[in-house]
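Each remark here refers to the structure printed beneath this line.
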Amino acid sequence: MFGFLLRRLAVLIPTFIGVSIIAFAFIRLLPGDPVALLSGERVMSPERHAQISAQLGLDRPMVVQYLDYLGGVVTGDFGTSIVSKTPILKQFLALFPATVELSLCAIIIAVALGIPAGVIAAIKRGSAVDQSMMGIALVGYSMPIFWWGLLLIILFSGILQWTPVSGRISLMFYFKPVTGFMLIDSLLSAQKGAFSSAVSHLILPSIVLATIPLAVIARQTRSAMLEVLSEDYIRTARAKGLSPFRVVGLHALRNAMIPVITTIGLQIGVMLAGAILTETIFSWPGIGKWMVDSVFRRDYPVIQGGLLLIAAIIMIVNLIVDLLYGLVNPRIRH
Amino acid sequence: MAEATKTETVSSAALRRQMLSEFWFYFSENRGAVIGLVVFIALVIVAVFAPLIAPHSPFEQYRDAVLVPPAWLQGGRATYLLGTDAVGRDILSRLIYGAQYSLFIGLFVTTLSLTGGILVGLIAGYYRGWVDTVIMRLMDIILAFPSLLLALVLVAILGPSLTNGMIAIALTLQPHFVRLTRAAVMAEKTRDYVTAARISGAGPFRLMFRTILPNCTAPLIVQATLSFSNAILDAAALGFLGMGAQPPAPEWGTMLAEAREFILRAWWVVTFPGLAILITVLAINLMGDGLRDALDPKMKRS
């Protein structure tokens, strides 16, 4: 197992270095003067230009600049935002809990509904239940989620007026973030109505973000179950006279879950990287909206640092998924 | 003797025909796939004959008809079947012309990422060694970013336009084709028929493209359908974020972006473009499922 971990790391480190080169190169590839882009000042005198260039270290050779940047990244210095003048890592850490909270709620919805749906569809293969469930799953899988979010806003926020349109909590509540998770913080604050306000803000974005993973998990659970249910050991278990519930629940589901767990892990990785569309539609102050806003504000240091942080999260989550997979399925280790 | 040679030569064409009819047998058994195919053909017809079908120009702004609801609602007019948008353009006509955009996006992006992916994948799988290592690390790097975010940043660098959006999306979809092709090539390369072809003097190009590639097509076709629908979804998402096709283009995602501020006043400007995207993507995915089942020997109940 340790050798397996080492082999994975041996692949991961060059990939991370490659990612950092790409993120670093992006800004240099931009049309225009990097000094103007990185300082955010459009018009400046030659003296000011030289001063900023020296200040930002842009007058040095490219390789030195890159190594300097990489050195900063390793020690947690991802640079400073042009717009807000605050360190990028600090911004990221302040926004990340919002993305984690949303992602966790979405993945709980997706797993809690997707796995039972897939199992039922597999057991009742070919029936009306199977066909309608898989039909719905395919619609969910094909859904343009930015439109789906708008539809839910029209229905629940517009017509029924059940939920608010945007944000994490009503503006009338204010308390210091303790954990960064609004659901926990609102409970800790002990303000009346704060928790229900947080829940009502969270529910629509969670549903929207859960839609595609839910469909993917349901489809994959079904096909994994179908494969496992045709195996000899299931026939043996049935022939032994075990109850159908025991056969499906214990023998089949446990083996069918192996590929599904990988999918869930990969979905979590993508979600933690920030749900660009969901966060934009609901003005959810997380990583995805931060990146989109930075793209529009042309805040290049943030785009650069954000890309790197996001790629790092995805790679770390994927590594954990790989290791878990190796634990569950010893065959993969070699 | 002469007769035996004759049947030999016929059998190659006959075999192909038989394979095709077998494929159609399994594909047509899947009701969803056939429905998807019919809808897709209808969309192609709509896109090709858009100027004949559309009742109005997609750009003409009827100043006397701003935000007119669909014809069957109170206040609706028969000439604007699905209503008009905030500047008085006919939504149905814009949707019809939008089909041209979406199908072209799907075709262009899929062709680009498919040819690029096959080329790179063939090289990686055939030559192995350091070439393979470099290529696959590069693909890992692309895959380390969420595809829509990468496309968004690329478009921000290249400048927001539909062409740049399509190139960016093609780049994010390409690694899947590279991986598939490489895996298939590596599996096929050691087979006897490839060795036989090499011994008879076939060069690397002939081996790669004529001998090996035709035997790796099934997974590539399935992946191509997936890419087609992904490309449409991602391009619409870029348009929705303002980084894809630019207004006044009647691209469905861009239409949604323009309609966003009216969602609580005029539901139809938001509902129909999204529905068009959903129906198109759904039809392609239905076909994709059918193709996968028909081409995957494991799924066949022979």
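Numbers run from 1 along the shown chain.
Positions of Cβ are set from backbone N, Cα and C atoms, glycine also.
What TrEMBL says about a protein is an automatic prediction, not a curated fact.
Some features that TrEMBL has for this protein:
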TRANSMEM  A:9-30  transmembrane segment
DOMAIN    A:96-325  domain 'ABC transmembrane type-1'
TRANSMEM  A:100-123  transmembrane segment
TRANSMEM  A:135-162  transmembrane segment
TRANSMEM  A:198-218  transmembrane segment
TRANSMEM  A:256-282  transmembrane segment
TRANSMEM  A:302-328  transmembrane segment
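Sequence-distant residue pairs (6 or more apart) of the transmembrane segment (A:198-218) and the transmembrane segment (A:9-30) include fewer than 3 whose Cβ atoms are under 8 Å, leaving the two stretches without contact. With a threshold of 8 Å between CB atoms, the same-chain residues lying at least 6 positions outside the transmembrane segment (A:9-30) that come near it are 37-38, 62, 65-66, 69-70, 73, 300-301, 303-305, 307-308, 311-312, 315, 319. Remote same-chain partners of the transmembrane segment (A:135-162), defined as residues 6 or more beyond its termini with a Cβ less than 8 Å from a stretch Cβ, comprise 117, 200, 204-205, 207-209, 211-212, 214-216, 218-219, 277-278, 280-282.
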